[in-house]
Structures are given as C-alpha cells and as structure tokens.
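Undergrad: Here you go, one structure.
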Amino acid sequence: METRTEQAEPPSRSYWRWSKQDFFPEASFDSYTSYKTALSHTCHRLKDRVLDRSTDDFELVELSKASEHPMHKCLTWWDLLWLSFGSVVGSGIFTITGLVAHDHGPSVVVSYAAAGLSALLSALCYTEFAVEIPVAGGSFSYLRIELGDFIAFIAAGNILLEAVVGAAGLGRAWSSYFASIIKNDPDFLRIRVSYLAKGFNLLDPIAVGVLLVANGVAMSGTRRTSFLNWISSIVSAFVFVFIIVVGFVHVKSSNLVPFFPTGAKGVFEAAAIVYWSYTGFDMVATMAEETKQPARDIPVGLVGSMAMITVVYCMMALALTMMQKYTEIDKDAAYSVAFVNVGMNWAKYLVSICALKGMTTSLLVGSLGQARYTTQIARSHLIPPWFALVHPKTGTPINATLLVTITSIIVAFFTSLDVLSSVFSFSTLFIFVLIAVALLVRRHYVSNVTPKNDLIKFLVCLFVVIGSCIGGTVFWNLNGGGWNWIGYVVAVLVWLFGTLRMALLPKHRVPKFWGVPLVPWLPSLSIGMNIFLIGSLGSVALWRFFICSVVMLVYYLLVGLHATYDVAHENKQDSKDVEGKEDVNQGV
C-alpha cells in the first residue's frame, strides 16, 4: 500500500495550466518596469544570494508546497538497491571495458577498482545527506543548505546539463548498439546530413524513440518503473555471473603479462574513462522523498549497491583480460569477440541483449532521478515553478520529466556520443567534489553555534586540502604522469596536514541517523580522487565545461537570481508576520 507525505490539502486547480503566474509569479517579473528595477539591483541581490543558506526544514517542508500534491512514499531498500544497480550498470561495462583494456591492458582491473573507490566515497557522502534530508532535490538541496544559494545554482546548472547530456548519450549509445546487432555499423540507422558540422551531422531518430518510451514509463508511476527495473536488473546480474564464470574457466595466465603495460599514468587515465560506468548512483538519492524509511533503506540500497557494482565491474574486466590477450581485444565488441574466440558464438547475442537491457534500465532510472532534480530546482524558482508540479494521480512530476525529455531528445537527435561524454564526466565529478566539501561544512559549521575562530581554522584547512589536491593534479599532468616523487610527496604531505588539522577541530553537528565514518578523512580523500580524475579528462572537457558554465551564469544573472531573491525575501517577510502575530497574541 502506498502512503503519502503529509501536506496541506492541495488547491483544486487543474494540473495543466499555462498562465504567466504559473511560470513567473515573482514580483520582479510583474512588468517591464519591475524587471528593470530588479536588474538595477543585481549586485546587491547577488551578494545576498551568495551569502544566503537554506535550512533542512525549509527544503523538506516549505519548498514541497510548490508541488501542490505529494509524491508517493512507495520505495524500500530493495527498490533502491536495484534502482542504483539499474541506473549505474548500463552499456559501459561492455563498451568502455574493451576500449580501455585494449589500450591499457589488464591494469584496467585496477582502474575499475580506483574509480569504484572514488564513486563509493561519493556515495557515502550522498547517503548521509539523503538520510538527513530526504527530499527530491538530491545534491541541489544539500548544497543550498551547506554552501549557499549561488553554489547550489552552479550545481543546478550542471545537474540539468548532466541530465540532458546523460539521457542523450544513453539514447545515442542504445541506437549504436542496436544498429550493430542488425549490421556491423553503429551509424546504420542514422541519417547523414552533409551540411551540418562533424559531430552533429548524424541524425538519430531511434534515440528519440527510445527516450520517449523510457520517459513515458517514468511518468506513469514510480512504483511501476521500480518493479520493471528490478526484474530486469536481476536478469542482468545472472548474465554477469555467467560471463565471469566463463572467463575464469577459459583463463590463460599468460594473458595477464604485462599487467601494467602503460604504467601508473595509464591506470589513472583509464580510471577517468571508466568512471562514467559508475555514474548514476546519485539519481537514487533523489528518490529519498519517495522512500518509506530513509534512515534504514537509503544506506542499505545506495552503499550496498555501489560495493556490489564495484566487485562486478572488476571481475568482469578480469574475466575479459584472462580470456584474451589485451592487444587482441576488440575495441567495439570486446566480450562478443572474446566469446567467439573460445568457441561460444551464441553467447555474443546474450551479451548484446544484456547491453541493450542495461542501457534501457539506465534510461528508466535516469528519467526518474533527473525529473526529481528538476522538480526541486523548480520549487526553489531557479527555473519556473510550473516544472515543480506533481500530478495528483500518478504522484510523479510530469512537467519536469517533459522538460528533460524534450531537451534530451533535441540533443540526442543531432549530437554524437564523443562530444557528449567529456561534458558529462566533468559535470558529474565537479558535483561530487562539491558534495564532499558540503559534508565537511555540515559537520564543522552550524550557523550561530560555531565560534568564528573555529570557522576560520576550518576554512583554512579546507583550502589547504583542496589546494594540495589541485597542485598534485597539475604536477601530475605537467610531469606527464612520471614518478618525479618530490612533487607528489609534497602534495600528499600538505593534504595530510590539512586533513589532520581539520580532524583535530571540534565538530558542531552529529548525524541524527546515519553518518559517514572517518570524517574528515573519507570526504577529504573523495575530494582528492575526484579532482585527480577531473585533471585526467583533458583540456577539451575543461573548455566545454567552462563555456556551459558561462551560459548558465548569464541565465542566473538575468532570471534565476531575481526569482530566488524574491521568493527568499517573501518567505522571510511571512516569517516575520507570523512572529508578530504570535507576539500580539501573547501580549493579549
């Protein structure tokens, strides 16, 4: 039986409405004159938003009123475990593993382990926040509370970018794999247009169709989507066990020599590439608002799934490199070709079907998570609050889902997978760094409680940790990944000093239900690993990220800043009015 979050009786208004008040209800957009006045106060308002921080209660209670109807509390730890598995385990293990193993050899196993550790550390940070603040906004809400409204907007822009790029990338990958099954040509079902630029000239109607179906299912109901996902994911798990067993049966120890053909630099370069195979677990954190018992279900579902996925990935990579010499691994269809080489021709079809299924479940869970991110962002009025509305019958944010669906369809129709992947990876890693920083802030700083001296000491330690991570990453890239040990030793020692000094500072907040162990060590390590992986992505990814961030900032200064400022000060005024009435009543 589905239960619902307690909330005020929703107003009897139609869900489908299109008035200006539904999209721009803020005072700054009442008229052209009011908008000009708002723009003239941009600097003052920007300062206010940079310094302003939300609260747990505001994110949990007040913002949810903008949706008018509650989401259904229908998920358990079992649902979350398989939602995470379905979201993370897509086609990456089949497509990326062969590519990386061919270039970097058996050390891809270590690359998967390193990337998995980094992902697990980030998952721990997400888990503490999701348990304490079980709201649909995920990382957006966590950052609004701990790092302020402006930093949260930067994250929100990247979350929306990640949602669109991630969905579009999966749609294109699904189309490529499906085409390769029919004919050995991933572009077989695409339409080539000569007058468009390279990377945008292969139109993909199949990707559009797949995205429409996946998002349509997600809009129909959370429980239905979860059921379809865990049935499908359990079937995939059996296929993975089969592949691992076959790999160990046909083991050739000589195939594992040399184990590190490209050295340490190759291991970490490969880790940055395979990290994409771990992305998606943050979507599960957005399901906290629909979880029956967040304090119990989220840690089991999120941390348990990531540990399981890391083991599966490492074993799958090891099975592949034991079956076939890394120089002979096929880059495009690694597992299928490996099975053919050991005389199991039929197994290649099993691999192809499993890969398509994995991409489909990733799209399903991604549709759920992306829409809930968008819902909370709309609740805060960074984008029009019309996208925050929850449908009274399905209990799902249909408007938010439509926004992500339409934009991702447009991107998927035109844009090639290689253009999408670097933008996606940078945005994801950047948000993971911010979440780890936010967790450290949450433990060490409580407004009106933490002494100023403790705050200053904490900020100095935090800058030392981040600075040492950036410095070590820059040195690694300038040194070409070589082992000039002096620079690395200095970076590690500075990181250790900053983290140790932070560990000696008093913590002013203790988790109520579930907390990350070994704070600040694990969050600090998460910051370091994610920054290092960002540095391994290359300059092209950095420039694409920078250009997208500039576009987001322009939107914020013209629209988002003024909308959130109006809402924040309207709520503060309402609070003062309530306090004034209470004082009058007490006087009477």
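Even glycines carry a Cβ here, placed using N, Cα and C.
The transmembrane segment annotation in TrEMBL covers 80-101, 108-130, 150-174, 195-218, 230-249, 256-278, 298-321, 398-417, 423-443, 455-476, 482-504, 541-563 (among others). Under the heading domain 'Cationic amino acid transporter C-terminal', TrEMBL lists 514-563.
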Undergrad: Under 8 Å, at least three CB pairs between the transmembrane segment (80-101) and the transmembrane segment (398-417) (pairs 6 or more apart)?
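TA: Contact criterion not met.
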Undergrad: So if I exclude everything within five residues of the ends of the transmembrane segment (150-174), which remaining residues of that chain have a CB under 8 angstroms from its CBs? That is, six or more out.
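TA: Sequence-distant neighbours of the transmembrane segment (150-174): 46, 49-50, 54, 90-91, 95, 138-141, 143-144, 204, 206-208, 210-211, 279-280, 356, 359-360, 362-363, 366-367, 370, 373-374, 377, 380, 382, 404-405, 407-409, 411-412, 415-417, 420-421, 423-424, 427-428, 430-431, 434, 548-549, 552, 555-556, 560, 564.
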Undergrad: DSSP says what for the domain 'Cationic amino acid transporter C-terminal' (514-563): how many helix, strand, coil residues?
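TA: Computed counts for the domain 'Cationic amino acid transporter C-terminal' (514-563) are 40 helix, 0 strand, 10 coil.
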Undergrad: State the residues, same chain only, that lie 6 or more residues beyond the ends of the transmembrane segment (455-476) and have a CB under 8 A from a CB inside it; answer 'none' if no residue qualifies.
TA: 265, 268, 437, 440-441, 444-445, 484, 487-488, 490-492, 494-495, 497-499, 501-502, 505, 524, 527-528, 531-532, 534-535
Undergrad: Under 8 Å between C-beta atoms and at least six residues away from its ends: which parts of the chain pack against the transmembrane segment (398-417)?
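TA: Result: 15, 160, 163-165, 167-169, 171-173, 176, 196, 199-200, 202-205, 207-208, 211-212, 215, 218-219, 367, 370-372, 374-375, 378, 383, 386-389, 391.
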Undergrad: With a Cβ cut-off under 8 Å, give me the same-chain residues at least six positions beyond the ends of the transmembrane segment (195-218) that come close to it.
TA: 167-168, 171-172, 174-175, 178-179, 187, 189, 224-225, 228, 360, 363-364, 366-368, 371, 396, 401-402, 404-405, 408-409, 412-416, 418-419
Undergrad: Would the transmembrane segment (230-249) count as touching the transmembrane segment (298-321), if touching means at least three Cβ pairs under 8 Å and pairs must be 6 or more apart in sequence?
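TA: Contact confirmed: at least 3 Cβ pairs fall under 8 Å.
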Undergrad: So, taking each listed stretch (108-130, 256-278, 423-443) in turn and counting its Cβ pairs to the transmembrane segment (298-321) that are under 8 angstroms, which one gives the highest count?
TA: 108-130
Undergrad: List, by number or range, the same-chain residues at least 6 past the transmembrane segment (256-278) whose CB is under 8 A from its CB atoms?
TA: 88-90, 92-93, 96-97, 99-100, 103-108, 110-112, 114-116, 118-119, 306, 309-310, 313, 321-322, 326, 421, 424-425, 428-429, 476, 480-483, 532-533, 536-537
